[in-house]
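Asks: Take this structure, written in structure tokens, and hold onto it; I'll ask about it next.
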């Protein structure tokens, strides 16, 4: 058994970690890294060619951390270059642009690509040996925001990922993200390479998360309640009661649950007005 003295000795050793960035082109991956490491913002877009590699040292929880950062190009053209860099990673920064819905919807594809490269033995829904931080970037942008905070937070937290609202341009949220990100990686390393159970507990169920997403994306009141057009009053009320119990804000802590609950109430009211 490892002695307490040995653990203290190991905790004083510099910790070496590998971090990668993932996300579509032009979402701000490189800018986020430069803002944190170099304290500057590069306004002119410069596409990452393949992989950008950098090393930085940080102090977290009285530990010196040597971070090897692999900033991966987001363009599909560079898949053959970046596919070699997924292995032996302790941390992943997933970035999307809040003004580009497609960049948010592509996050699942990025996780699938990572799973493919790590092998079939990896369960992407239970990656407890890697810390993920999701950056909802460009919150300073003047263009219309397509992905609101509750939607991004729900997607992230339902997978046990950290979630942050960031702006590489203004610096908002950047330091907080990296501090929490690195701190979680230190906890992972100190826990034998697995995230502590407390860090994975999300506080809401997959059924709740899936219901909120379905309600958010529904095309009409029928679809929102999950009933077919022409359903009876009893069928509408039954569907409503099930969702109301599942998503009531007093019982559900999932991001977006309050808005989803209100939408369900309004959908029921609208449908019952037209049913005799």
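Cβ coordinates come from backbone N, Cα and C, glycine included.
In case it helps, Swiss-Prot gives these features for our protein:
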type	residues	note
BINDING	23-30, 71-75, 137-140	GTP binding site
DOMAIN	220-276	domain 'J'
Asks: What does DSSP give as the helix, strand and coil breakdown of the domain 'J' (220-276)?
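Replies: So the domain 'J' (220-276) is made up of 37 helix, 0 strand, 20 coil.
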Asks: Using a 10 Å radius around each Cβ and counting other Cβ atoms from all shown chains, which of the binding-site residues 72, 139 yields the largest count?
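Replies: It comes out as 72.
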Asks: Please work out the number of neighbouring Cβ atoms within 10 Å of the Cβ of residue 26 (GTP binding site), leaving out its own Cβ.
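Replies: Counting Cβ neighbours of residue 26 (GTP binding site) within 10 Å gives 16.
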Asks: With DSSP assignments reduced to helix, strand and coil, which class does residue 72 (GTP binding site) get?
Replies: strand
Asks: Relative to the Cβ position of residue 75 (GTP binding site), how many further Cβ atoms are located within 10 Å?
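Replies: Taking every protein chain into account, the count is 15.
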Asks: What count of other C-beta atoms do you get within 10 angstroms of the C-beta of residue 23 (GTP binding site), across all chains shown?
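Replies: Around residue 23 (GTP binding site), other Cβ atoms within 10 Å: 25.
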Asks: Helix, strand or coil at residue 26 (GTP binding site), per DSSP?
Replies: coil
Asks: Over the span of the domain 'J' (220-276), how high is the average pLDDT in this prediction?
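Replies: Its mean pLDDT is 92.
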Asks: Tell me whether residue 139 (GTP binding site) sits in a helix, a strand or coil according to DSSP.
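Replies: Once the DSSP labels are grouped into three classes, residue 139 (GTP binding site) ends up as coil.
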